[in-house]
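**Q** I'd like to ask you about the structure that follows.
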Amino acid sequence: MDLFDSNKRVNLPRNMIENSMFEEEPDVVDLAKDSTFPALDPDEVTYEPRRSRLLVRGLGENDMEDDEEDCESSARLLGMSFMNRSAARRSNSSPYTRQSPPRSCSRPSARTMVVCVLVLVIVASMTMVLYFLPGCTFTKAGCRKPNKTDPIDTVYPISTNGELFPWAQLRLPQSIKPLSYDLTLNPDLDKMTFTGRTVINMSVLHSTSRIVFHGANLNITKATFKVGLKRIFLCYKPRQQLAVNLSKELEAGQYCVLTLEYAANLSNTYDGFYSSSYTDKDGNKSVLAATQFEPLSARKAFPCFDEPTFKATFLIKINRKKNYITLSNMPKAKSTDLAGGLVQDEFEKTSVNMSTYLVAFIVANFTSLTKNVSGTQVSVYSVPEKKEHSDYALDTASKLLEFYNTFFDINYPLKKLDLVAIPDFLAGAMENWGLITFRETTLLVGKNSSFLEKQVVASVIAHELAHQWFGNLVTMRWWNDLWLNEGFATYMQYMSLQEVFPQLDTLITLHGNLFLSDRFRTLDQDALNSSHAVSTKVSTPEQIEEMFDSVSYEKGASILLMLKASLPGPQQFRKGIIEYLKQFSGLNTDTGDLWNSLTQLSTQHMNVTEMMSSWTSQKGFPLVTVNLTDDQVKLTQEHFLLTSDNATHTSSLWNIPVTYVNDSCSLAPECRQVFTLKTKSDTLKMPGKVKWLKLNYKNMGFYIVDYGKGGWTALSEALSKNVSVLTHEDRASLIHNIFALSRLGRVSFQQVLNLLNYMSAETETSPVTEALLQLNNIYKLLEKRQAFGLAARMKDYILTHFGPLMDKQTWEEEETVSKQELRSALLEMACSLNEKNCTQQAKSLFKQYKESNGTFKIPGDLQQTVFTVAGHSDEDWETLLGMYQHATYDSEKRKMLKGLASTQDPLRLVQILKLSLNGNIQTQELPLIISTVCQGFAGYLFAWDFIQENWDRLIEKFPVGSFAIQTIIKSATSQFSTQTQLNQVQAFFSSLEERGSQMRSVQEALETIRLNQRWMDKNLSTLQKYL
Ligand SMILES: [Zn+2]
């Protein structure tokens, strides 16, 4: 295998660069050459460890350790570089030696007097003076009198050079606003390094003597500031902040320009300005460099005000070799030949103000397909040999762009829109304005790809295009409201596909199966005590990373769906969001702004703010309990909390638009009645006696319903008599809700099985897939507990109830999307349970595929089942590995990889995990590999060991709190159900301290293990009796 070896990069450690700069180029901040800079006061920079430590102790407990570490390391590194600049100007004094005590507070006059007396007295006096001298004598500030007017709680941290850093918060001060950036980048793809020059034009909003901004992993080699003031350049690494401290205040209304030159390594992770490589089918390796800045990594490519509210314009220039192309947010304005055979591409200045996390640039040798769509040049870029896989994306993006232009009544504002498939990319895609980046799987589809694969591509493009309005044009003020970006884009992705591609309606659209099952999974996640409110306070980088979760995305989208279904008139929701986008175009907003816009347009004076804030400001969701007596229905709400030992949340109340249908009218949308439940309980009067009620019509609301014993029995009986008495969404919703209630302990498992009795008559995708998923979860728990007898009975139960439907599935091409989805779910389950018919069919397809030398095609929706069966087989595993190495089509490769990772052979499991960790299999796939390994009996304990042993390498690749790390933790622990396992997981994560112990996903993992343990203890005897 000749995949990219990350160890081969010319990777000069950052501290080596900084030290070498320090030794060879002492004049690192080249102030002397800039006539606008007056000479610095020689006393401006000093080194005084005693003082540093005293001040450090003044910080909070957690900050202290960080700061101590930073002071010790960075004083030797970047900080020293800046000190050295002062040292050079002081000609021959070393920055490492203590300076003469300043005049203000020391006692040099005593020394003058003593010289006049005796030498012995001199020595004695000096000894006394030095002994009693306070530590502050050696500092620049001398012995300051305590300033009684300083706020007591503002304790400034220490910069890398030992100076006080002039800012003590994570978020930047609001006194300076960046207006424009002029950015020149010079990447070297041979050495995997880059240099840059950033000019920031700023305006002063409030008078201030400090400019604080972000920079991370950048070695600043030169800084100029064109205002005739004395200034010191400071760096505080723990918060990735840089500062210019000025001797005099800048006045409000003043403009100023800061120019910074710097050098850095291209990142070898997936954020910042990072390098990537790929090998084409002839075995030639190519390298490229791309960016991923959201949320906090623009600062790793250029110094900037890296918060979403600091919107500015960007003029970007990139130097390249002639065999590469460059791309950025804007169209290319011109190319200029430079010395040494390089070319400089200059892009047009952005025509919009944008947040730093949306800036992007790429240097690669890609090719493209292009089309003009209503005045916008739409292009799809890929590696040259995959150009033929770009048509579908180009066509889909063009249709969706036209749709959004009309739907939002605001035209896409840039002249071009590039969609780029990056061979090594961690996220699914990233909405950089005008330059959207994707994984190859989420953008490229082959001509023979299945409908399901095309759906994925259409769905991701729809999501990212929606961001060009939601997120790019109107941006959340801070990461606490990330859902305004992600919830909306997720909602729009389903909504737009339904409108633009109605033929796909059965799968991933607003009313399709995928969004429905996403809502179920989000309810499961949000039922944990460790969940969080949609809009929630975030203050650390890890917390910001953790916002990229199902609550921001799917719950955000779910509550928008619920709101839309509650608003009178189909156009009202659309009018409200158009109003919101127009009112805040180019600006930043918070959740309240959105609800206000929708309230203002409400024709029936519906208070959207009142209703929706109960869904965004509280974590979790309500459980609505129904008590039906003749024509009276008592509804009660409470917080659905799986671990309900915490009494503090029992007071949560939601404003719930409860919808319901009953036995006399239950299918058509006209049957739907609405009742708003705002209080703890309320009573609803029916026009006459009803046999049963089904609440939450088509599961469009974000809540779970308990019908009580009588209610569940009535619904189970009704379904047993006639499966079509409810819509398929309602049937899936009943299945989901009853399993959730069983987990909560409100419904016995016997009742669950009662409801499932109707399943033999079920043929619709969403109820079947939901029931299979729930039963498989229990099967996996039993298997992992080594309750093999019960696991075998569960297997029989599944095969008895679903066997006839499994047997009906064909193995040829299937046209309907919904049938493809149903078939793949049923057959994957059947083969994973070793059902003989299934495994034989899969093996025979694999054999034909293997022997046909690429001419035989396995239907796309069956590929996963076939490759997984091959991965289980001794003889086929090696063949599959060979196929994986030579396959170019990413979507197929991923399925092969999942097949390889599902092996039960421990040596092969080790091999596959190591290959990915070392980068021989793209490390972007490691979360997928780990989650697949964990599914198998042989792999799940081994995977947990692997994670513990390699934790530091994992968080080197994927940031603490990131979605990748969340996936790894969740998949490794979600099948644990014993006290010993709980203790192990707890002990491991608490030992990590700042390397991950505080993550929300750790709390979720522990809570899930406790719940598994509780459910098992409670239900093992029921399973023995009824399975
Ligand atoms: Zn998104």
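Note that Cβ sites are derived from N, Cα and C of the backbone, with glycine treated the same way.
When I checked TrEMBL for this same protein, it listed these features:
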REGION    86-107  region 'Disordered'
TRANSMEM  113-133  transmembrane segment
DOMAIN    177-358  domain 'Aminopeptidase N-like N-terminal'
DOMAIN    392-615  domain 'Peptidase M1 membrane alanine aminopeptidase'
BINDING   His463, His467, Glu486  Zn(2+) binding site
ACT_SITE  Glu464  active site, proton acceptor
SITE      Tyr553  site 'Transition state stabilizer'
DOMAIN    692-1010  domain 'ERAP1-like C-terminal'
**Q** Taking every residue in the domain 'Aminopeptidase N-like N-terminal' (177-358), what is their average pLDDT?
**A** 94
**Q** Cβ within 8 angstroms of the Cβ centroid of His463, His467, Glu486: which residues besides those meet this for the Zn(2+) site?
**A** Glu431, Glu464, Ala466, Phe470, Gly471, Asn485, Phe488, Ala489, Thr490, Met492, Gln493, Tyr553
**Q** In the structure shown, with every protein chain counted, which of the binding-site residues His463, His467 has the densest set of Cβ atoms within 10 angstroms of its Cβ?
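**A** Neighbour-count leader: His463.
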**Q** Can you figure out which of His463, Glu464, Glu486 (the recorded positions) comes closest in space to Tyr553 (site 'Transition state stabilizer'), comparing Cα atoms?
**A** Glu486
**Q** Determine the Cβ neighbour count for Tyr553 (site 'Transition state stabilizer'): the number of other Cβ atoms within 10 Å of its Cβ.
**A** 25
**Q** Same-chain residues six or more away whose CB lies under 8 A from the CB of Glu486 (Zn(2+) binding site)?
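**A** Spatial neighbours, sequence-distant, of Glu486 (Zn(2+) binding site): Gly471, Phe548, Ser552, Tyr553, Gly556.
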**Q** Restricting to the same chain and to sequence separations of six or more, state which residues have a Cβ under 8 Å from that of Glu464 (active site, proton acceptor).
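**A** Residues satisfying the criterion: Leu419, Ala429, Met430, Glu431, Ile436, Phe438, Ala489.
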